[in-house]
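Just below is one structure, and these are the notes that go with it.
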Amino acid sequence: MRLLRTDTTLKLDWVNDENYPKYAALSHTWGPDELKYSDIISGGSIRVLPENFRDKKGFQKVARLAELASSDGYDFCWIDTVCIDDGSSAELGEALNSMYRWYYNAAVCYIFLDDFEWEQTTPNSNSASQACLSPSRFKSCRWFKRGWTLQELIASRNRKFYDKNGFDIGSAAKEIGIDLDRIIEEQTGIELAILRHEKSPKDVNVATRMRWAAGRETTRGEDIAWCLVGIFDIHMPMSYGEGRKKAFRRLQEEILKTSSDESIFAWQSNHPARLKLGLLAESPDQFYDCR
């Protein structure tokens with residue numbers, strides 16, 4: 001895997017997956033001006049990028065990640081936009097199948113909510129005791145609606161949430177007696193034991209895990225299948241271009257190769273020709289009412 005140094009060089013290093021240093025990972029939602037691997041490969045560091053790159057929100061996001069990780073004592077950090085060469089199909093395929101493990105192995109996962117702002121009851125106050133959290137606003141964040149963030153949420157063992165201004169939501173919520181895990185459980189339907197790594201996703205039936213992804217969106221149709229491979233602990237060859245339905249069907253076929261859990265058939269459809277659709281679902285949305 002490729003990691004970004006958090007020191008003043010901000011260079012990319014390739015490390016062995018079996019002998020990696022402690023690192024911080026980032027979970028976020030993509031915007032229109034993300035900094036990409038292809039932007040920095042020529043110089044090997046974001047420090048040497050031209051001035052026009054520094055105005056990008058993506059640049060500021062990476063710089064903020066590195067600064068935060070460094071302040072917490074981590075020499076390396078990982079972010080998908082910069083650390084994966086999506087121009088290489090081989091590397092992209094490896095990354096898609098390894099993503100869950102990379103988040104699981106991270107010492108901490110910072111979660112940037114770029115559409116959420118902590119409410120201050122006193123203007124310009126930095127004190128959590130003078131602030132409040134609206135659970136409904138927190139749960140309405142785009143981060144809760146994306147496909148890829150599902151496995152990032154479940155895989156990460158140490159999560160820290162930050163609002164769009166860099167405010168530490170988790171620490172502030174804890175100070176005023178709010179348990180973010182319980183709010184996340186209410187929003188996602190994922191039980192606390194899974195969120196707190198007291199249980200493994202393998203301890204939950206297939207239909208329930210599928211239900212976690214119901215209603216989530218991905219930019220590319222096939223990604224609704226790819227974002228679930230880690231949650232089901234399977235490996236699936238990458239095949240962009242096959243479409244959402246075929247990719248999701250292939251995911252289920254791979255699950256059936258290693259599992260005898262019949263709840264995979266516990267999906268529903270309002271399609272008038274429901275019985276003609278076959279045994280496998282077309283989308284995680286069809287598992288929404290499975291419980």
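Placement of Cβ uses the backbone N, Cα and C atoms for every residue, glycine included.
Note that TrEMBL annotation is computational and uncurated.
Among the features that TrEMBL reports, domain 'Heterokaryon incompatibility' is placed at 23-152. Per TrEMBL, domain 'DUF8212' is recorded for 246-271.
Outside the domain 'DUF8212' (246-271), and at least 6 residues removed from its termini, the chain residues within Cβ reach (under 8 Å) are 205-208, 210, 221-222, 224-226, 228-229, 232-236, 239, 277, 279-284, 286-290. Taking H, G and I as helix, E and B as strand and the rest as coil, DSSP gives the domain 'DUF8212' (246-271) the counts 17 helix, 0 strand, 9 coil.
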